[in-house]
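Down below is the structure, laid out as structure tokens.
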Amino acid sequence: MAFKDLRDFIALLEEKGQLKRISHPVDPYLEITEISDRTLRAGGPALLFENVVGHTTPVLANLFGTPDRVAMGMGQENVGALREVGELLAFLKEPEPPKGMKDAWEKLPIFKQVLNMAPKLIKNAPCQEFEVSGEDVDLTAIPIQTCWPGDAAPLVTWPLVVTKGPHKDRQNLGIYRMQLIGKNKLIMRWLSHRGGALDFREWQQQHPGENFPVSVALGADPATILGAVTPVPDTLSEYAFAGLLRGSKTEVTKSRGNDLQVPASAEYILEGHIAPGEMADEGPFGDHTGYYNEVDSFPVFTVERITHRKDPIYHSTYTGRPPDEPAVLGVALNEVFVPILKKQFPEIVDFYLPPEGCSYRMAVVTMKKQYPGHAKRVMLGVWSFLRQFMYTKFVIVTDDDVNARDWNDVIWALTTRVDPMRDTTMIDNTPIDYLDFASPVSGLGSKMGIDATNKWPGETNREWGTTIEMTAEVKNKVDAIWDKLGIDDK
């Protein structure tokens, strides 16, 4: 499945009964959130609100509201197929040298495919069919959602922010929410370690006192959107990765007011700058934790120009207590993470981010334990290997006889294989999500690792328990006579 733009994806979803057009008048103030939330929790379709109160532009919501739709957006038939995407990323992250001529020939197509996926620069792009600039810029004309009753303002939730540092060979694509504070002003909420913030910091050092150019795409094609939230190796651009997912080069075009390249098929492009020293208080907003976050100061993005397609569609979402779209994305991307982790730690059998853990705050790992202390090595490896797990507060490691995705199994392992004093690892003063108000200091807190594996000699002085298992002979015998017993008869 290859989607040139968001509209291609919408058409396929509608064909498969996975998109619902809503003609009834719906308000972007709170109502779209409530409808989307109920639909997502029921495993329902993507929603295209065609009659948005106060606006002529339709709103697309709940696009990635099921793991299968995430997989479809990444060009795969189902969630299980995302393991193949993870295997490709694992190879690209740490490619192994060929073991011989035959191996070299087998790997050659992969390298050629990657090299051939550099974005394609085009002119006369659909995203630039129409333009408003200067005094005519009016962000309030876009049906930006106000998601929750306590939110400070309307919030842009699916912006693909394009930046480039002065010393970087390639652009950074990141998704950072943006609060509307004026007809041409948005607050850019990027945390200090994120790519956009790092680019901005380098720019200020290289060009003190100068405005930092920024472009933002709204409503890009699904592969490009999902490429921006996937752990792409530093050697591969998000545009190139989107091309690999799509099977064709990502078409980009040069912004009209700066040199940044933006997705050519996006519904909207916002062009502008961040002026040095221009900051504003952002929030509070309801977030993926299920709570309102604290107010904090972030840079202001001044929009100088808006270009858009004919009859544009505004792509939006909300975040709230799981399940929400970020949690669903986490479930799907979980399958991408597994091969990447297993390449670094072959002893890992499965890795699971429970969606109720706010996408990434808790991880469960099952492994083939090989020596005393092995579980601790794995938990420390999870925290340090991918930047996506830097904010994971709890890591539970257990044996491969436990199903990481079954809480009955996990709780059994925790309560039977763990001594809290011996098997708990606490790490203080580590990076924590700024939205985590439970930490004593904003952005800095502790982590807990729990070793729920069977203990080896050296880890305990006691005789370890043996699990109870029925013999295969008896199981087979009962299977053969089960229907005759009449137990399942109603």
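Here the Cβ of each residue, glycine as well, is placed from N, Cα and C on the backbone.
Values in this document were obtained by computation on a predicted structure and should not be read as measured data.
Going by Swiss-Prot, these are the annotated features:
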ACT_SITE  ASP287  active site, proton donor
BINDING   ASN172, GLU238  Mn(2+) binding site
BINDING   ILE175, TYR176, ARG177, ARG189, TRP190, LEU191, ARG194, GLY195  prenylated FMN binding site
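Shown here: features listed in Swiss-Prot, placed on the structure.
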residue : record                      : DSSP class
ASN172  : Mn(2+) binding site         : strand
ARG177  : prenylated FMN binding site : coil
ARG189  : prenylated FMN binding site : coil
ARG194  : prenylated FMN binding site : coil
GLU238  : Mn(2+) binding site         : helix
ASP287  : active site, proton donor   : coil
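Candidate recorded positions: TYR176, ARG177, ARG189, TRP190, ASP287. Nearest to GLU238 (Mn(2+) binding site) by Cα distance: TYR176. Taking a C-beta cut-off of under 8 angstroms and a sequence separation of 6 or more, ASP287 (active site, proton donor) has the following same-chain neighbours: ASN293, THR319, GLY320, LEU435. When every Cα pair among ILE175, TYR176, ARG177, ARG189, TRP190, LEU191, ARG194, GLY195 is compared, the largest distance found for this prenylated FMN site is 14 Å. Excluding the listed site residues ILE175, TYR176, ARG177, ARG189, TRP190, LEU191, ARG194, GLY195, the same chain places VAL161, GLY174, MET188, GLY196, ALA197 with Cβ atoms within 8 Å of the centre of the prenylated FMN site Cβ atoms. Cβ neighbours within 10 Å of GLY195 (prenylated FMN binding site), excluding its own Cβ and spanning all shown chains: 20. Separation of the C-alpha atoms of GLY195 (prenylated FMN binding site) and ASN172 (Mn(2+) binding site): 6 Å, rounded to the nearest whole number. ARG194 (prenylated FMN binding site) sits 10 Å from ASN172 (Mn(2+) binding site), taking the Cα positions as reference. In this structure, the C-alpha atom of TRP190 (prenylated FMN binding site) lies 13 angstrom from that of ASN172 (Mn(2+) binding site). For LEU191 (prenylated FMN binding site), other Cβ atoms within 10 Å of its Cβ number 17.
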